[in-house]
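Undergrad: In case it helps, TrEMBL gives these features for our protein:
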- 1-605: domain 'Major facilitator superfamily (MFS) profile' (DOMAIN)
- 411-463: domain 'Kazal-like' (DOMAIN)
- 48-69: transmembrane segment (TRANSMEM)
- 76-97: transmembrane segment (TRANSMEM)
- 144-169: transmembrane segment (TRANSMEM)
- 181-209: transmembrane segment (TRANSMEM)
- 229-253: transmembrane segment (TRANSMEM)
- 307-326: transmembrane segment (TRANSMEM)
- 346-367: transmembrane segment (TRANSMEM)
- 379-399: transmembrane segment (TRANSMEM)
- 487-513: transmembrane segment (TRANSMEM)
- 525-544: transmembrane segment (TRANSMEM)
- 577-599: transmembrane segment (TRANSMEM)
Amino acid sequence: MGLFNNIKFFVLCHGMLQLAQLLVSGYLKGSITTIEKRYGFSSQKSGLLAAFNEVGNTVLIVFVSFFGSRVHRPRCIGIGAMIASVGVFLIALPHFISEPYTYTDFNSNTRGNSSGLCQSLSSFPKEESNQTCNQEKTDSHLGVYPILLLGQLLLGIGGVPIQPFGISYIDDYAEKRNSPFYLGILFAITVIGPAFGYMMSSVLLRFYVDVDKMSSGVNNLKNDDPRWVGAWWLGFLMAATLLLLTSLPYLFFPRKMSREEIIEAPVEPSIEKMMEDKKPKTDEEVSLTEFLKSFPKIVMRTLRNPIYLLVVLAQVNLAAMVAGLATFMGKFIERQFAQTASFSNLMMGGLNIPSAMLGIMAGGVILRKLGLTVKSSAAMCTVAVFVSIMFAIPLLFIGCPTQRVSGINYNIYSQQCSNACSCSDEAFNPVCGSDGVEFRSPCHAGCKALIFKEKVLNYTECECVAPFGSPGFALPRPCENDCKKRLIPFMILSSITCFVASLSHTTSFMMILRTVTPQDKSFALGIQFMLFRVLAFLPAPVLYGRAIDTACILWGKKCNKITSCHYYDLDLFRHRFLGLQIFFIFGGFVCFFLSFMVLRRTNSTQEPNAKMNNQTKSERPQEMKDAKQIMINLNEHCNTQKILRE
């Protein structure tokens with residue numbers, strides 16, 4: 001099996017596996033608001049779901065760092081990827097065990113054309129609501145949310161060995177000059193993978209959720225309708241299949257591979273290589289209990305380094321900002337600028353992520369070209385994050401208030417008008433009245449008739465639309481706002497913010513590598529990633545989700561249970577969501593600035609000592625030079641006198 005003894009083939013397989021793994025990550029974040037709408041989750045619940053894969057990851061990462069060189073690494077990667085693929089299949093499972101998606105005025109029979117209108121008799125709506133309640137009971141009994149959490153947990157557990165084992169395996173068996181190139185390819189994929197996930201969700205969410213069940217009434221709903229739910233499950237099936245297929249080659253790679261060599265003139269083995277061969281395997285002798293006992297001591301020793309601690313805290317702040325934005329930025333664009341979920345994900349995958357990737361690359365180029373010291377790296381990070389704050393603040397003011405919605409934020413007493421219609425509190429089918437006011441359903445607008453031609457074209461005889469004149473009409477869609485025009489400046493500013501903030505990414509990593517002792521380097525990076533998960537990737541989406549939930553002004557209801565939010569106070573949504581973003585960026589700025597001040601202080605205290613040492617070393621040579629110069633001048637003077645005498 002010569003192919004499986006080739007490190008280049010391993011890099012190719014690992015690149016494909018990481019792409020599949022991160023495709024799932026991006027796709028989940030792109031479709032989280034659709035899942036939220038389909039099963040009636042709050043934003044806090046969907047934030048917890050998005051972050052739950054980090055639970056398994058955080059618990060097992062310590063053991064992975066211990067068992068690193070003691071196990072068959074390729075086989076562990078393959079088995080882990082298979083567990084992750086099972087988790088992704090589980091995430092798609094609720095679609096197949098749930099009843100078809102139903103929404104207000106879902107036309108499942110011929111008499112459905114008149115559903116949702118203002119009617120004096122309430123027998124039909126009650127009958128319909130009882131039917132949906134029975135379906136909802138079956139959904140709740142099946143436990144959709146626990147299944148999704150279990151899938152995310154397995155995805156996190158399966159993903160634990162993929163990156164650390166893969167990177168260490170490549171570093172062990174790749175030629176030293178090729179190793180950075182191979183790792184660079186893998187790090188590039190870590191950014192490209194989520195972007196592909198967002199793009200895939202943008203395409204698949206244009207298909208109706210029950211496209212496989214061929215439900216009736218689908219033709220009456222378009223993807224720009226607020227009740228629309230896309231085929232969220234389809235991408236998980238595709239990604240899980242890809243994950244499973246890319247895991248199979250790992251079962252055939254050897255535990256140890258012959259090291260890659262470049263054909264060149266034969267050279268004697270270097271001292272470094274001989275030392276590597278003779279080096280005793282001390283790691284093998286350390287037992288798991290000894291490792292766990294020494295773990296807190298090493299953690300405390302690493303965290304006592306002030307520069308390391310400040311830089312990691314700065315990175316944690318920025319990581320928390322990224323985690324929240326990646327989960328809910330699509331929802332923000334969708335709500336704030338009245339866009340579809342599909343288009344919002346296209347903006348995320350096509351603009352924000354590529355701009356962050358360019359920022360990371362540009363930061364690496366600047367670091368390499370200028371050859372920055374640790375102190376100048378801290379200054380660069382401080383300036384970059386400060387400039388990103390300046391670009392982020394205007395985002396707070398680019399948006400629109402919530403459109404006028406009757407009975408919610410406009411004409412609060414309009415419910416008296418629709419009381420005679422016996423409208424259901426659970427009804428949600430937004431219509432735009434001829435007076436420019438939105439109603440949550442034709443019934444709430446007091447509409448008694450409709451113009452129907454294959455689909456609803458117009459609602460007429462709407463008594464609540466024009467209460468002081470003749471009855472008005474209502475269009476079967478939400479009222480439009482002018483915010484669509486503001487999307488372009490918003491996306492440009494947010495992309496610049498992402499680009500400038502990302503300049504600090506590579507530079508801050510190099511600061512960590514340069515400020516910790518060589519023997520603690522790998523462990524310091526391990527602690528850093530663990531802190532990322534515990535302090536940023538786990539709590540941030542839940543915190544963002546909670547902030548978004550507090551901006552809700554009308555919660556949906558089904559069977560007297562609260563579901564996802566129908567209407568937000570958009571000003572409050574924008575200020576809290578983007579306010580959190582600025583809060584975390586400012587936290588990063590403070591930590592980077594403090595690290596710069598600490599480095600400046602240590603440099604200033606070291607400089608006098610260094611100057612004294614330099615003076616003592618340089619004084620004698622200077623004195624010798626002066627003495628030499630005096631002797632030369634005397635000789636020249638004597639020679640000139642001699643010549644004159646002659």
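For all residues, glycine too, the Cβ spot is worked out from N, Cα and C.
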Undergrad: Go through the chain and flag residues at least 6 beyond the ends of the transmembrane segment (229-253) whose CB is under 8 A from any CB in it; none is fine as an answer.
TA: 1, 4, 10, 13, 16-17, 19-21, 23-24, 27-28, 31, 34-35, 37-38, 74-75, 77-82, 84-86, 88-89, 91-92, 94-96, 101, 197, 200-201, 204-209, 211, 223, 341-342
Undergrad: By Cβ distance under 8 Å, which residues at least 6 away from the ends of the transmembrane segment (487-513) in the same chain are close to it?
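TA: Contacts of the transmembrane segment (487-513) (Cβ under 8 Å, skipping residues fewer than 6 from its ends): 307-308, 311-312, 314-315, 318, 321, 333, 337, 339, 347, 351-352, 355-360, 362-364, 366-367, 372, 374, 377-378, 380-381, 384-385, 387-388, 391-392, 394-395, 398-399, 521, 524-525, 528, 585, 588, 592, 595.
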Undergrad: Under an 8 Å Cβ to Cβ limit, what residues of the same chain, 6 or more beyond the ends of the transmembrane segment (181-209), are close to it?
TA: 7, 11, 14-15, 18-31, 34, 38, 95, 101, 163, 166-167, 170-171, 174, 215, 218, 221, 223, 228-235, 238-239, 326, 330, 340-343, 345-346, 348-350, 353-354, 356-357, 360
Undergrad: For the domain 'Kazal-like' (411-463), jot down how many residues DSSP puts in helix, in strand and in coil.
TA: 10 helix, 20 strand, 23 coil
Undergrad: Test of understanding: applying the rule of at least three C-beta pairs under 8 Å (pairs 6 or more apart in sequence), is the transmembrane segment (346-367) touching the transmembrane segment (577-599)?
TA: no
Undergrad: Taking residues 6+ outside the transmembrane segment (379-399), which of them lie with a CB under 8 Å of any CB in it?
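TA: Beyond its ends, the transmembrane segment (379-399) has Cβ neighbours at 311, 314, 318, 336-337, 363, 366, 372, 483, 486, 489-490, 493-494, 496-497, 500-501, 503-504, 507-508, 511, 570-571, 574-575, 578-579, 581-582, 585-586, 588-589, 592-593, 595-596.
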Undergrad: Could you name the stretch, out of 76-97, 307-326, 346-367, with the greatest number of CB pairs under 8 A to the transmembrane segment (525-544)?
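TA: By Cβ pairs under 8 Å, 307-326 leads among 76-97, 307-326, 346-367.
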